[in-house]
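Novice: Straight out of TrEMBL:
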{"type": "TRANSMEM", "residues": "12-30", "note": "transmembrane segment"}
{"type": "TRANSMEM", "residues": "50-70", "note": "transmembrane segment"}
{"type": "TRANSMEM", "residues": "90-112", "note": "transmembrane segment"}
{"type": "TRANSMEM", "residues": "133-155", "note": "transmembrane segment"}
{"type": "TRANSMEM", "residues": "161-185", "note": "transmembrane segment"}
{"type": "TRANSMEM", "residues": "197-221", "note": "transmembrane segment"}
{"type": "TRANSMEM", "residues": "233-259", "note": "transmembrane segment"}
{"type": "TRANSMEM", "residues": "271-295", "note": "transmembrane segment"}
Amino acid sequence: MKKIINNLAVRIIQILVMAIILVVVTKELYRIFIDMNIQLFYKYSDKLTVVNIFIIVLLGIISYIPLSFYDLVIRKKVGIALDTKKVYKYSWIASSVANIVGFGGSAAIVLKRYFYKDYVDDEKKLIKETSKVVGLNLSGFSLLCLIYSIYLFTIERNISYIDYIAIIIAMYLPIIIITITYKYIKNGDRYSYRTTLKIISISILEWITTISLIIGLIYILNINVSIFDFLPIYVVGIVAAIISMAPSGLGTFDLVLIVGLDKFNVPKEQVLLLIILYRISYYIIPLLIGVILYLSDLLSKLVKNENME
């Protein structure tokens with residue numbers, strides 16, 4: 001009973017913190033949008049060519065591809081009785097929905113259980129391994145935070161509380177690698193060790209492609225900011241999104257980008273276009289592909305059932 005009350009109290013505190021952050025963010029975004037020059041926004045958006053849009057869509061799909069590699073790695077360990085094509089398809093569908101819904105990876109675990117439960121002998125093992133993948137998803141961002149932390153010590157400025165959180169996240173990857181290496185030396189489980197390293201590598205690849213997408217957008221939109229100036233803003237934006245617990249970092253990440261790039265005299269109208277294109281290419285397009293894949297799979301199952309009858 002005490003445990004239930006404690007869990008409820010923690011949940012209430014989390015909701016309150018999230019609500020306060022969202023209220024503050026909404027207020028700031030409203031103030032920014034009120035002052036926005038809509039004609040200037042259209043001016044920037046009208047400069048986009050068909051080739052630009054094609055490249056943006058392509059970059060979005062490429063940046064999303066690594067998210068579906070995780071299930072291919074754990075397929076053998078869990079014993080998912082599906083071919084590579086099916087696993088990748090279900091992984092894409094689950095990831096595209098979970099990426100928007102959020103909930104700290106819980107949505108991904110639930111969706112993958114739904115798709116794979118009929119094709120595994122041990123459902124608990126499936127949940128355990130998918131939960132591990134969710135936990136290791138932070139590895140790539142941890143590496144980025146590690147680079148950012150090194151950068152912090154090369155400049156002279158006051159370290160904010162978000163910087164401290166970034167430093168803490170930076171410690172995650174080294175701790176994970178030390179822990180799994182120690183277990184490997186102690187137990188000699190080479191397969192588990194290599195599987196974990198593969199998942200970490202995919203996470204790093206995932207973050208590299210995501211950063212490449214947004215840097216590509218900056219280049220296409222001719223935003224006058226260097227990669228070295230942008231990356232610290234991006235890291236702070238992701239940390240703020242993690243703290244807020246908002247789905248896809250909606251609002252918090254956007255606000256950090258608008259405020260951060262404003263320091264480099266980038267018009268907020270141009271930043272808003274950057275954010276919209278980023279969210280469409282990285283969230284909406286993969287989701288639409290996921291919906292098409294799900295509907296085609298559902299249709300093929302219905303046709304198969306009718307033929308059996």
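Yeah, the Cβs are placed from backbone N, Cα and C, and that goes for glycine too.
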Novice: Against the transmembrane segment (197-221), which of these stretches has the most C-beta pairs under 8 Å: 50-70, 133-155, 161-185?
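Specialist: When the Cβ pairs under 8 Å are tallied, 50-70 comes out ahead.
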Novice: Looking only at the recorded stretches 50-70, 133-155, 161-185, 271-295, which one has the largest tally of CB-CB distances under 8 Å to the transmembrane segment (90-112)?
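Specialist: If we count Cβ pairs closer than 8 Å to the transmembrane segment (90-112), 271-295 scores highest.
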